[in-house]
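Okay, so TrEMBL annotates it like this:
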TRANSMEM  19-39  transmembrane segment
DOMAIN    26-478  domain 'Major facilitator superfamily (MFS) profile'
TRANSMEM  87-104  transmembrane segment
TRANSMEM  111-130  transmembrane segment
TRANSMEM  136-158  transmembrane segment
TRANSMEM  170-193  transmembrane segment
TRANSMEM  199-222  transmembrane segment
TRANSMEM  284-308  transmembrane segment
TRANSMEM  320-342  transmembrane segment
TRANSMEM  349-373  transmembrane segment
TRANSMEM  385-406  transmembrane segment
TRANSMEM  427-447  transmembrane segment
TRANSMEM  453-474  transmembrane segment
Ligand code: BGC
């Protein structure tokens, strides 16, 4: 019987090819698409703790916060308008990712990235010069459109470009640039908050123009992926491009499979409706549940609101922004671990290890906050060691996420979809991600106010669920060529019933050959 992790025999295919400088540079440039997403995640939480910003746009929140000083700490930031500022972006991203599916499929991955950069640039410009709340909201919607396009196209681009043996590492370049974006934003907030005259928030918000320019200009120089070129009928150019990318002349086998995948995809007229077919059940399930679970780890409670959270548990304004910088550094460093390990240890190992680590930390943080703040939110004097323990466990939690659900939440969906549904399925992945990013951002401050320390247990519950799900239902995908992925479902204990007997034009069906896959569970 196949192992629970379920890949059993490998596909038997091993395309030749090197990790060329060309593909490395190309992937690094494309991965910078994550910067815009990351910058935004990191910037909004800090900006919403800046007093001049609150006074100008959200006066009521500021007045409440001032008046509330001595009462319940859990509720001091609870304001739907303020959370709307943070979360409106994700609704826009959700819509954009649906449109992006067609652009990415019909016009190529590169054009989607370019559009993403331009829209984001426009949003940053409006936000930097904002004079009224409506300008903030319009700006954030444009930023959201940008994120929707970039997140739809960049992960696909990376997974298609990368030689399959390095696909994990190259794809995680996207997550790395998300984390770098978050960190830069945290550091900038820390310094800009100190600017006399109180206009530092303009620099924080307008600063988003820099990452936007990087991806906009970068995408102009990027080649499109061979998969996408073939899909759009540029077959001969695609073969040349593949030679260049792989650094060898003999790319025939891989090329043939790309063409077969593309032929199969041409038969599909309605990629969206198609997704509902039984044979795509495993793919659809992953496209929905992976991003759902990624957000239900609760990571964005830390990413968006670390300064607010640290403020709530008794840190001063400055210390709160500083702690956000510390978690930002941990986030980047731990992502590097994932880049190193993902193609060695596999996806399942990282998912399960990361899940366990997050669970332990959530329990400890809940206990710490519960012990001091109780249910009435009045901590009394907080000793220094207490703050250190909380920050330490939040850091361990962040690192657990950063080498598991963070990168894998983008990598795994981008590598498991067959070409004919890839673009549509990736849009589902992005929109579910954005929907729950929105939901968490929107309800977190209210939940903190009502659930108090129990909030951390709420997310811990989902971490248990998602780990069980991974253990039983996610097959290992390391070392499997992207257009050969059907094999992992065919030999999975559960999913095989959905795909068995189906003749995928692009699926390797030679069972029993031990490829690299057979070593993983
Ligand atoms: C998630 C974001 C999160 C970030 C943290 C990403 O993979 O999609 O929601 O804020 O990781 O590093």
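Any Cβ shown, glycine's included, is placed from N, Cα and C.
Not measured: the values here are computed from a predicted model.
Distances, neighbours, how buried they are, the whole picture for these features please.
Panel annotation: around the transmembrane segment (19-39), residues 113, 116-117, 120, 143, 146-147, 150-151, 153-154, 157-158, 161-163, 166, 170, 173-185, 207-208, 211-212, 214-215, 218-219, 221-223, 244-247 of the same chain, lying at least six beyond its termini, place a Cβ under 8 Å from a Cβ of the stretch.
Residues of the same chain lying 6 or more positions beyond the ends of the transmembrane segment (87-104) and with a Cβ under 8 Å from any Cβ of it are 40, 44, 111-112, 115-116, 119, 137, 140-149, 151-153, 156, 228, 271, 423-424, 426-427, 430-431, 434-435, 437-438, 441-442.
Beyond its flanks by at least six residues, the transmembrane segment (111-130) meets 30, 33, 36, 57, 96, 100, 103-104, 136, 138-154, 157, 202-203, 205-209, 211-220, 222 of its own chain at Cβ-Cβ distances under 8 Å.
Nonlocal intrachain contacts for the transmembrane segment (170-193), taken as residues 6+ away from its ends with a CB within less than 8 angstroms of a stretch CB, comprise 23-24, 27-28, 30-43, 46-47, 49-50, 154-155, 158-159, 161-162, 200-201, 203-204, 207, 211, 303, 306-307, 317-318, 321-322, 324-325, 327-329, 331-332, 335-336, 338-339, 342, 402, 406-407, 410-411, 414-415.
Away from its own ends, the transmembrane segment (199-222) comes close to residues 26, 29-30, 32-33, 35-36, 38-40, 43, 46-47, 50, 52-53, 110, 113-114, 116-118, 120-121, 123-125, 127-130, 139, 143, 146, 150, 157, 181, 185, 188-189, 191-193 of its chain (Cβ-Cβ under 8 Å, at least six residues beyond either end).
Distant neighbours of the transmembrane segment (349-373): 73-74, 297-298, 313, 338, 341-342, 379-380, 382, 386, 389-390, 393-394, 396-397, 399-401, 403-405, 408, 452-457, 459-460, 463-464, 466-467, 470-471, 474; these residues of the same chain sit at least 6 beyond its ends, with a Cβ under 8 Å from one of its Cβ atoms.
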Should anything in the same chain at least six residues away from the transmembrane segment (427-447) have a Cβ under 8 Å from its Cβ atoms, list it; otherwise answer none.
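Contacts with the transmembrane segment (427-447): 77-80, 82-84, 86-87, 90-91, 93-94, 97-98, 100-101, 144, 147-148, 151-152, 275, 284, 287-288, 290-292, 294-296, 298, 300-301, 304-305, 308, 409, 413-414, 455, 458.
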Would the transmembrane segment (136-158) count as touching the transmembrane segment (284-308), i.e. at least 3 C-beta pairs under 8 angstroms with sequence separation of 6+?
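Contact between the transmembrane segment (284-308) and the transmembrane segment (136-158): absent.
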With the transmembrane segment (385-406) as the reference, find which of 136-158, 320-342, 453-474 contributes the most Cβ pairs under 8 Å.
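Ranking 136-158, 320-342, 453-474 by Cβ pairs under 8 Å to the transmembrane segment (385-406) puts 320-342 first.
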